[in-house]
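Working notes, structure below.
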Amino acid sequence: MSFSFETIFPLVQQEVASYQVPVVDLIAAQTRDPFKVLLATILSARTRDEVTAAATRRLFPRAGSVDELAELSVSELEKLIYPVGFYRNKARYLSALPKVLNERFDGKVPDTMDALLSLPGVGRKTANLVIAVAFDKPAICVDTHVHRIMNIWGMVATKTPLQTEMQLRKILPERYWKDINFTLVAFGQGTCKPVSPHCDRCPIEKWCPKIGVTPRALKRSDRMTGNSKKFLSWNVNGLRAALKNGFSDVLHALDPDILALQEIKAHPDQVPEINEIIDGYHVYWNPAKKKGYAGTAVFSKVRPVRVWNGLDGVESTDDEGRVLNLEFADFYFINVYSPNAQPALKRLAYKQEFHNALLVHMNKLSRDKSLVLCGDLNVAHKEIDLANPGKNRHNPGFSDEERAWMDEVSTAGYIDTFRKFDPSPGQYTWWSYRFNARAKNIGWRIDYFIVDPASDHRVLEAGIHDEVFGSDHCPVSIVFR
Ligand code: SF4
């Protein structure tokens with residue numbers, strides 16, 4: 001089928017309509033203030049949207065106008081915008097901005113390319129975005145996603161974003177210019193990803209020429225049946241924060257039959273809004289006694305026959321809300337949030353004790369019926385499971401002792417379901433918030449679905465949902481029958 005931009009672009013727009021609105025567009029819609037859009041656009045370069053949004057929430061009350069910005073020192077600006085990418089350079093650019101705006105542009109943000117390019121910290125991409133978003137004028141902002149996807153589609157055959165912009169200016173009708181960036185950034189983050197794009201669920205797959213693309217290997221088994229159930233596990237790193245960062249959209253988009261959460265850092269009375277979101281689920285909590293710390297929860301569409309917290313024989317696991325067990329007619333479901341071994345492996349002994357008790361618990365339950373264990377085990381098993389194994393050899397989460405426990409689990413026959421379907425490297429579930437690690441995919445695979453050996457045939461699919469943001473972990477899932 002031949003590729004027609006007019007045909008596929010509306011389908012891509014439809015696909016991303018439910019995605020989170022990029023922060024710069026959000027600020028433009030909320031403030032209608034070109035100055036704030038300019039600041040947000042400068043901050044957003046090489047920075048995740050959540051980080052940019054948090055920085056603008058700190059910056060805007062102190063620098064809501066050119067005059068207010070002029071009052072702030074570089075070090076104050078650094079503190080306000082940290083940890084956006086290149087925050088030191090950006091603080092210097094922001095500090096220099098009021099003088100240039102006042103001297104050359106009467107204190108106002110200009111709306112032309114040449115004038116914007118004369119401002120500190122403003123390159124072509126930023127200028128185009130400000131023109132399109134703040135002034136609603138035709139401009140094509142070409143970032144890496146737009147450049148990459150336009151080449152995949154064969155719309156251009158270019159080496160640099162600048163060449164792509166110049167080509168698109170010639171061939172793309174002006175009515176599309178403003179929407180290209182927003183649409184393709186979202187599409188590039190969620191579907192047409194730089195590594196292993198989701199061609200398997202892409203709405204334009206049948207038209208796409210896929211130039212230079214290696215599609216993601218399918219993990220779906222041909223044994224899929226109508227009786228299967230989807231289980232999802234997610235370390236949300238604070239349920240209150242996740243609720244503000246699209247938790248509801250994720251839940252509705254992925255629609256799991258059982259959702260297991262770790263590190264909820266909240267008691268049920270601190271998240272009353274959850275009740276409106278989880279209509280149709282039976283809800284079970286195991287919050288930590290200490291407020292704002294650890295804790296687990298499970299939401300299930302099917303009512304379990306029994307629910308209990310903790311590991312048999314290890315009392316302290318209840319204190320930290322680390323284990324939540326559900327028994328169903330033909331399987332046990334264990335949601336686990338393993339302790340972190342801590343810097344210098346200070347808590348390794350505690351973690352080892354916890355993990356040893358967990359394995360005893362798993363062995364005991366799996367004698368009776370199928371066992372599904374999921375959660376953040378806070379350990380990457382093999383070198384393939386993290387980006388920098390050499391550097392992390394003795395670090396928490398990749399110490400020999402923690403990995404030895406994973407070996408024990410595997411020797412006992414338990415199955416790491418993700419690896420059953422996907423042996424490829426670069427598949428991670430956690431990325432540090434520092435050093436732009438997620439954008440660079442410098443991550444660790446420490447979140448798992450594990451089943452007992454006899455239940456191997458019941459796992460039909462396993463996946464990592466790295467398109468989902470809202471936490472420093474992404475969800476993992478299996479389809480189980
Ligand atoms: S089919 Fe694949 S390569 Fe083409 S746009 Fe969709 S995800 Fe990208």
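Every residue, even glycine, has its Cβ placed from backbone N, Cα and C.
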TrEMBL Mg(2+) site partner of Glu263, Asp376, Asn378, Asp472, His473, selected from Asn235, Asn286, Asn441: Asn235
Cys202 ([4Fe-4S] cluster binding site) and Asp376 (active site, proton donor/acceptor), distance between Cα atoms, whole Å: 29
Where Cys202 ([4Fe-4S] cluster binding site) falls in three-state DSSP terms: coil
Cβ under 6 Å from ligand 1: qualifying recorded positions of Asn235, Tyr337, Asn378, Asp447, His473: none
Nearest recorded site to His473 (active site, proton acceptor) by CA-CA distance, among recorded positions Cys199, Cys202, Glu263, Tyr337: Glu263
Local Cβ density at Cys208 ([4Fe-4S] cluster binding site) - other Cβ atoms counted within 10 Å: 21
Cys208 ([4Fe-4S] cluster binding site) and Asp472 (Mg(2+) binding site), distance between Cα atoms, whole Å: 32
Nonlocal residues around Asp447 (site 'Important for catalytic activity'), in sequence order (Cβ under 8 Å, 6 or more apart): Ser233, Trp234, Asn235, Cys374, Gly375, Asp376, Leu377, Thr429, Trp430, His473, Cys474, Pro475, Val476
Listed binding-site residues Cys192, Cys199, Cys202, Cys208, Glu263, Asn378, filtered to Cα within 10 Å of Tyr337 (active site): Glu263, Asn378
